[in-house]
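Copied over from Swiss-Prot, here are the features:
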type     : residues                        : note
BINDING  : 26-33, 144-147, Gly173, 181-184 : ATP binding site
ACT_SITE : His33                           : active site, proton donor
BINDING  : Gln57                           : beta-alanine binding site
BINDING  : Gln57, Gln150                   : (R)-pantoate binding site
Amino acid sequence: MQIIHTIRELRAWRKNAGKVAFVPTMGNLHEGHLALVREAKKRADNVVVSIFVNRLQFGQGEDFDKYPRTLQQDADKLEAEGVAVVFAPDEKELYPNVEQRYSVEPPNLQNELCGKFRPGHFLGVATVVSKLFNIVAPDVACFGKKDYQQLAVIKGLTEDLNFDVEIVPVDTGRAEDGLALSSRNQYLSAAERDEAPRLYRELKAVAESLAQGSLDYAGLEKRAVQSLTEYGWVVDYVEIRRADTLEVARAGDKKLVVLAAARLGTTRLIDNLEIKLP
């Protein structure tokens, strides 16, 4: 396995790499990331994993400075999975002209759901993913469904900007108690970790009500928020949306997703659950 730090070197490698699958990450890899890598391996001759903590997608007061940088441990895990290349550029490599930086702005979704609470986040995501697609030139790229809104943004930019990349969604990895795997879970105290699976349980409760025919979307959302709040969560949102577009769900929609973001202590957790109605 190679660890490549420059765009020029990666492009030289890419010329003879055959079909390439790509998994972009910020490092600090866990089993959820490795599931993306395993899916990528099924779909290509070679897998490239990028590791880059992207300052653009962190807001003021967020955890950019304390986000764990664990390149050597990550590289060891990826080598064991048979990854061909780890692309680990520094900030100057990806953003050499900070004062003249062009960006990619998602038109519809960046101010809703997580975008409402993290201004500029999805602009940062869309910009770095566009740059990485141009650099890596993958045939396939794998993204986890845990970041459901991010996945929707990436599907949109891939289509609108004519990237010749197949986007492969991968199911959310979970701990045995249902908590979605996330690099930020390590910020949780022991007591918070015990409480954290409640977020997924509330999503399942909403999904069960929808499956039983409830059309009181606002009521279901409100009850989930109240329940989480009673247990000490600070809730950004619980919302039921159309799964394919993330538009506000309407009666008669069959493919839905319930999404949530909430803080437990100082840690912001997100999760979602897809629902297909008969």
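Every residue, even glycine, has its Cβ placed from backbone N, Cα and C.
Here the features listed in Swiss-Prot are placed on the structure.
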residue	record	DSSP (3 states)
Met26	ATP binding site	coil
Gly32	ATP binding site	helix
Gln57	beta-alanine binding site	helix
Lys145	ATP binding site	coil
Gln150	(R)-pantoate binding site	helix
Gly173	ATP binding site	coil
Ser183	ATP binding site	helix
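Cα distances from Gln57 (beta-alanine binding site) to the binding-site residues Met26, Gly32, Lys145, Gly173, Ser183 are smallest for Met26. In sequence order, Ile51, Phe52, Val53, Asn54, Tyr67, Ser183 constitute the residues six or more apart from Met26 (ATP binding site) in its chain with CB-CB distances below 8 Å.
Annotation for Gly32 (ATP binding site): spatial neighbours Gly144, Lys146, Thr172, Gly173, Ala180, Leu181, Ser182, criterion Cβ-Cβ under 8 Å with sequence separation of six or more. The Cβ of Gln150 ((R)-pantoate binding site) lies under 8 Å from the Cβ of Phe122, Val125, Phe143, each of which sits 6+ residues away along the same chain. Every protein chain shown contributes to the tally, and the Cβ of Leu29 (ATP binding site) ends up with 23 other Cβ atoms within 10 Å. In the structure shown, across all protein chains, Gln57 is the one of the binding-site residues Gln57, Ser183 with the greatest number of other Cβ atoms within 10 Å. Listed in sequence order, Val23, Thr25, Gly144 are the same-chain residues at least 6 apart in sequence whose CB falls under 8 Å from the CB of the residue listed as 'active site, proton donor'. In sequence order, Leu151, Pro169, Val170, Asp171, Thr172, Asn272, Glu274 are the residues of the chain that are 6 or more apart from Lys145 (ATP binding site) and have a CB within less than 8 Å of its CB.
Its Cβ taken as reference, Gly173 (ATP binding site) is surrounded by 19 other Cβ atoms within 10 Å in the chains shown.
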